[in-house]
Amino acid sequence: MSDYENDDECWSVLEGFRVTLTSVIDPSRITPYLRQCKVLNPDDEEQVLSDPNLVIRKRKVGVLLDILQRTGHKGYVAFLESLELYYPQLYKKVTGKEPARVFSMIIDASGESGLTQLLMTEVMKLQKKVQDLTALLSSKDDFIKELRVKDSLLRKHQERVQRLKEECEAGSRELKRCKEENYDLAMRLAHQSEEKGAALMRNRDLQLEIDQLKHSLMKAEDDCKVERKHTLKLRHAMEQRPSQELLWELQQEKALLQARVQELEASVQEGKLDRSSPYIQVLEEDWRQALRDHQEQANTIFSLRKDLRQGEARRLRCMEEKEMFELQCLALRKDSKMYKDRIEAILLQMEEVAIERDQAIATREELHAQHARGLQEKDALRKQVRELGEKADELQLQVFQCEAQLLAVEGRLRRQQLETLVLSSDLEDGSPRRSQELSLPQDLEDTQLSDKGCLAGGGSPKQPFAALHQEQVLRNPHDAGLSSGEPPEKERRRLKESFENYRRKRALRKMQKGWRQGEEDRENTTGSDNTDTEGS
């Protein structure tokens, strides 16, 4: 087993790998083999495994190495054989040789029966570990299935939430589009109202211009009439003007009067010398009296003519005022007629605008009513779609719950079946193993690794159980039968058929129970709705 004859030299070689050994080795695995090799007594084993001072695994391994080092070369060989059995890679690293699994130390110490007992103990431990792992795998498988069901439920809820979000976004987009359309319609209505107001203002301005032109025309007609009357007056005055013959006669009379005045002046100058005569005095007195009378008559005539001129002026002024008043009255009549026509036109326009306003209000109310009906129908349809979606989700949840219950039942049945198979295999494997089972631990380790690989790859947990059972059948072909004498395939088929029948019956019972519960819930819901409506 070792090329070193000196004990110190052997253990000095192992001291070079002490760090690696303490970090890799588990003392609880190699102590049974060392105890069978009689290099480790129960007290030492209890000290290594149960000492409260040795809590860390590395310290336990260090104490174990120190105890084995006290046994010398025998402990060194037993330790290497334990490494060869349980840690072949570490054995190859320490010794540089491939593990041969000769087990000379345990054979020399306890014989082949001790080796067989050790291997049987290890096999039982591994079988128990395999059972624990299979139970753990089945529970993990059930937990994974439950998680898948929960994941499907979560995805369903997420899809529903996403659908509700999409519906909400679609509704918001529709609302935004309706708002934009309403805003566009309002803008168009405002533009049309502005255009209509501008057209009305232009129409009013044109009407005012027409009225001003009419007024200007009437003023021009009045001015024309006044000028015509003045022209007629001037023509009448020109017609009443004295003629040339009358003017010539008046000029002759004037000349005669001037000549007479000159004669009188001459006679007056000649008679200045005879002023003292009474006749001349009488004449002068008469002349003065006549002159005074003439002056008075002239003054009277002048005053009468002045009064006449003033009366004529007043008459003319009154006539002009009368004509002016007549013209103003005519203008006022025409203005009143114009304003009356304008007011009538405005009233007609207001009546037309009121009719158009009533029509627009009626159209708007009708459109609002149609929009309200459309919104009510849309809300009713959305409510119906939401109720149908909720019903579909509830049905889907019921389906998922049924699947989860079925999976749980399958898991329980599988565990029961596994327990029955394990119990039957334990009963069948009560006889002693053959020597060819010496390589079983390594094969079981390979089987465990392959099972873990299958589980990590998404395989079914039934595969390692089937492989283990097939291996047991191949190793013990004469013990493969069950206590009833039936082959395992037929027994498995029978169990599967009974499980299928049980699952169908259970599913039918659950469906009937769910239908009854749903009918009772609907009856209770309709009853509560009726009571609510009656109470409202």
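Every residue, even glycine, has its Cβ placed from backbone N, Cα and C.
In Swiss-Prot, the entry for phosphoserine among S193, S276, S425, S439 corresponds to S425.
Screening S113, S267, S498 against Swiss-Prot annotations picks out S498 (annotated as phosphoserine). Of the residues K58, K125, K322, Swiss-Prot records the annotation ubiquitin cross-link for K125. It is 99-116, from the ranges 9-26, 63-80, 99-116, 333-350, that Swiss-Prot records as region 'Linker'. Candidates S435, S483, S528 were compared with Swiss-Prot; the annotation phosphoserine appears at S483. On the 0 to 100 pLDDT scale, the region 'Linker' (99-116) averages 63 in this prediction. Here the domain 'CARD' (6-98) has, by DSSP, the following mix of helix, strand and coil residues: 72 helix, 0 strand, 21 coil. Between the listed binding-site residues, namely C10, H73, the fewest other CB atoms within 10 angstroms of a CB are found at H73.
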